[in-house]
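Some features that TrEMBL has for this protein:
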- B:6-121: domain 'Tetrahydrofolate dehydrogenase/cyclohydrolase catalytic' (DOMAIN)
- B:140-288: domain 'Tetrahydrofolate dehydrogenase/cyclohydrolase NAD(P)-binding' (DOMAIN)
- B:166, B:167, B:168, B:232: NADP(+) binding site (BINDING)
């Protein structure tokens, strides 16, 4: 048996199409254009690429993109003044600050400064609390992407045994909350878990978000399980030439694909979902801010 | 094998003793007396008993108790004015509003009005978020009580398989967060869980918080497991006379006690821990408000 490959890139493209239609409708019917503000402090080259991609994707679906590039030595006070201004700006429905930021700034304090209703990255403690108590939250993009792929693959998730490997605030814990909300039986496994292979072997759904290259082996996977691999790890690839590297997930793809019913590849699985979910969250935030109905299929 | 009975009443008494010492030290060294304000709206007889007990226990450990009894027709504006006043009062370190409240008031909005740092019931969404993201939170009293009993029984919980039955915001979900923080492998089971007996049979720790009388049977329990029964269900007890009732937990005590290593009875298990944890939270809130070190053994 060879697993179906879950094409995150294609799914994300379809999702961006839905978002574009929704944005067009918001403009036509309500004369409102969702707007996403992205703050970049400093000139980290990787961050500049991410911000450029976010901007490009935002504009492509018909939304407004507001880029704010600040020098690396921007003071906390100046950064907060900008955030306060964006919080108050009715044309801005989503705000994110690209991380990492220079050392003199605190990521936690920056997130806390953003209006939770505009926190499209879903990082604010209040959003964690809303998610944890089953209320309407802004949900982090990667966890939301995992949920979307699973719903698309399985339909109703109720009663499925789900094992989430990893307990980070960014992925593992919110994914667990989302799967619990969809009525999975959820187990959270991590570095202290005894007999982790056995725990994973009981799962209909495996979400690996632990950050260890190819840790989850094929013989940990129950036949027919759906495997979502959130890991992105760069490892040496001498077969491609001296000094070359390649990206792998937290799952040993080759052996897992022999057993799983469906599996996300790395790259091309969960990764492309992240920006699509960021755009979805911006549309959601815009609808909530204006009292419009929640956009269907774009939220948890 | 017959299980050790976990005497929550005795444990809570010991804890109240520790709290009293801590309060005495706060008074002597810092000239600060922790204060707990309890608001009761209306004359629900059960609520009046609870409030009286909380007041009595607060005073017994040397803390200040502030009771605010409001008529049943108190307006939202008047209630919020009182909460705002208590939020601003430096002599008040903990605030709780006894639920249920009359229908014209919203429990969720009342909780949201309380300063999260004084929310000794641990019900505020921000506290749920802090707990979910592993930060310093005020933790609900019943989940905290479960954690204290488990730590006392088992010492280090790291790597234990814990199954929490029930996914309520009040108990199931926060207990799962606390056990995850203590590095258990945590499974959350609930009404949609398939083969729940088998899931529970894998657990070193079982926390039952589902609200169904004697649902968890002895043959669901792994030999030697520690069983914490949060349920309090009143069932008919014709053997005690016509119309008589008795309290039972979510666990079928007689059969479970044959297999478990240790088990909480109902009543006398988790129940008595709740007020003790409320007092503990008030001391914790007082220490945090004043920048004193966290009281040892009284917090998560």
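Cβ coordinates are placed from backbone N, Cα and C, and glycine is handled just like the others.
Heads up, TrEMBL stuff is auto-annotated, nobody curated it.
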>> Cβ within less than 8 Å of a chain A Cβ is the test here; which of the binding-site residues B:166, B:167, B:168, B:232 meet it?
In response: B:167
>> If you count CB neighbours within 10 Å, which one among the binding-site residues B:166, B:167, B:232 has the smallest count?
In response: B:232
> Under 8 Å Cβ-Cβ from residue B:168 (NADP(+) binding site), six or more apart in the same chain: what's there?
Replying inline: B:209
> So, by DSSP, how many helix, strand and coil residues make up the domain 'Tetrahydrofolate dehydrogenase/cyclohydrolase catalytic' (B:6-121)?
Replying inline: 62 helix, 18 strand, 36 coil
